[in-house]
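J.: There's a structure below that I have some questions on.
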Amino acid sequence: MAASKPVEAAVVAAAAPSPGSGVGGGGGTAGPGTGGLPRWQLALAVGAPLLLGAGAVYLWNRQRRRRETGGRGDAGGLKRNSPGAHLEMNSLDRAQAAKNKGNKYFKAGKYEQAIQCYTEAISLCPTEKNVDLSTFYQNRAAAFEQLQKWKEVAQDCTKAVELNPKYVKALFRRAKAHEKLDNKKECLEDVTAVCILEGFQNQQSMLLADKVLKLLGKEKAKEKYKNREPLMPSPQFIKSYFSSFTDDIISQPMLKGEKSDEDKDKEGEALEVKENSGYLKAKQYMEEENYDKIISECSKEIDAQGKYMAEALLLRATFYLLIGNANAAKPDLDKVISLKEANVKLRANALIKRGSMYMQQQQPLLSTQDFNMAADIDPQNADVYHHRGQLKILLDQVEEAVADFDECIRLRPESALAQAQKCFALYRQAYTGNNSSQIQAAMKGFEEVIKKFPKCAEGYALYAQALTDQQQFGKADEMYDKCIDLEPDNATTYVHKGLLQLQWKQDLDRGLELISKAIEIDNKCDFAYETMGTIEVQRGNMEKAIDMFNKAINLAKSEMEMAHLYSLCDAAHAQTEVAKKYGLKPPTL
């Protein structure tokens, strides 16, 4: 069962805003303090200049007036006691007074009266006073927000942002309004700008970005997955998938007596002819790695209600799952499971595969039920416990996972894969519990596994991941090299080794070289495209990142994986739009 990417649900409890968070004076960018910030964060700060003492305030104001008046010391070239200057000062003062009155109404929960005051402030404010005017619009938006008038909130925040493009309060309030109006794309763009302006330090804006990305991803994946063209995975992936089963009748090599009359042995003599069967022909195509013809041959056996109908149903369902067509696979699996007269190994295998399918569809209860039923009908089947153990890891039920791996090992002591995955489960439990002695015990367990099973590539790969966690990068690199020696066509290992180079040596060129090698080995490796896209985002190459994510989307093997990839792609799109609109870019590698 391929491990899926976990989706973390972020629930934000929205408390009623304090008066200070709802309205405020000054339209500068709100953000974290600059003490100890990296340079890129300082470059994003657009706050007021640092002033020291009353004398500095006086000098700065004086210099500002000189700049505004061309050195004459008078606003707009008007004499201080001229009627025009008097009117301008009065207009702004009156606008500020109206705003202050509105703030009092806002704090008292009298939002309609607050809106009237902010409207008066907007009408009184001189049009050239962009910062003040943007504050009045933002304050009125805050009042509209309390009345849940989301369209008006968005409109006023837009005015505020037009006047002050990096006004964080207005951008975030507009993002929340767009969320309520179900304008997900616009919400994402606004909250992305906020995250960049705040240096990715504000959890509230980060949670909103995560939430809307997941919603967008699910929506797009649902539509795309429904209409996608079936795509056969690479031969490497298919062989790796079948290698995770040891009690699977349909993946066993054909017996000599099963082969059709078209087959020849090495000496060229005709082998024993059994019968003209679509299923046997499909098995022959499996051995030849001619996977595209398997579903059609199985269908011939099923339509003819032949001797191997149960096997054909299971094999067809398996390839439906491999090409990502779970809707077509499920009826075949259901039928095999219901065939009481069928070989119990077939029924147990169908339950394992349906249970894995349910897990990919984020239905853990149905998944658990199928695995438990498989254990009930075929308690001596090592595959049941091996795959159920993987399910338990995904569900963070580590003790139960270890118990299942132990049972798998008891039934099949030579199962190197189960022993390696048991070590990884124990390591994960120790790591999350921050138990150093258990971590050391798990690492020792890995050493024992690779010593006992030196040909198990998965053992080296899982050990390398644990070593990377422990920042033992040199040894992790050695483990990946051993894994590559054993399985030179395993693209995923090259991706992990490439990521290690980035984390260990910050060697971007070597990392990208290894991930490119993975794509060269297997041009259907969605993990390689996804990783390449993620790196390109961090490098600031959004167009290339989007191209990589789109390639991964077309190769996704489940709707859940596709939703995750769409989230990454939408995040890159949003950053591109924010860069165009506001000139904002996150830090790059």
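Each position is counted from 1, following the chain as shown.
Using the three backbone atoms N, Cα and C, a Cβ is placed for every residue, glycine included.
Because TrEMBL annotations are produced automatically, they should be read as predictions rather than curated entries.
The model shown is predicted, which means the values in this text are computed figures rather than measured ones.
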J.: For the region 'Disordered' entry in TrEMBL, name the matching range from 68-87, 288-307.
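T.: Within the set 68-87, 288-307, TrEMBL attaches region 'Disordered' to 68-87.
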J.: Given the repeat 'TPR' (526-559), which of the listed stretches 348-381, 382-415, 457-490 has the most Cβ pairs that are under 8 Å apart from it?
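T.: Looking only at 348-381, 382-415, 457-490, the most contacts with the repeat 'TPR' (526-559) come from 348-381.
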J.: Under the DSSP assignment, what numbers of helix, strand and coil residues are found in the repeat 'TPR' (457-490)?
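T.: The counts are 27 helix, 0 strand, 7 coil.
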J.: Cβ under 8 Å, sequence separation of at least 6 from the ends of the repeat 'TPR' (457-490): give me the contacting residues as numbers and ranges.
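T.: Here the qualifying positions are 236, 240, 416-417, 419-421, 423-424, 427, 431, 439, 442-443, 446-447, 449-450, 496-497, 500, 503-505, 521-522.
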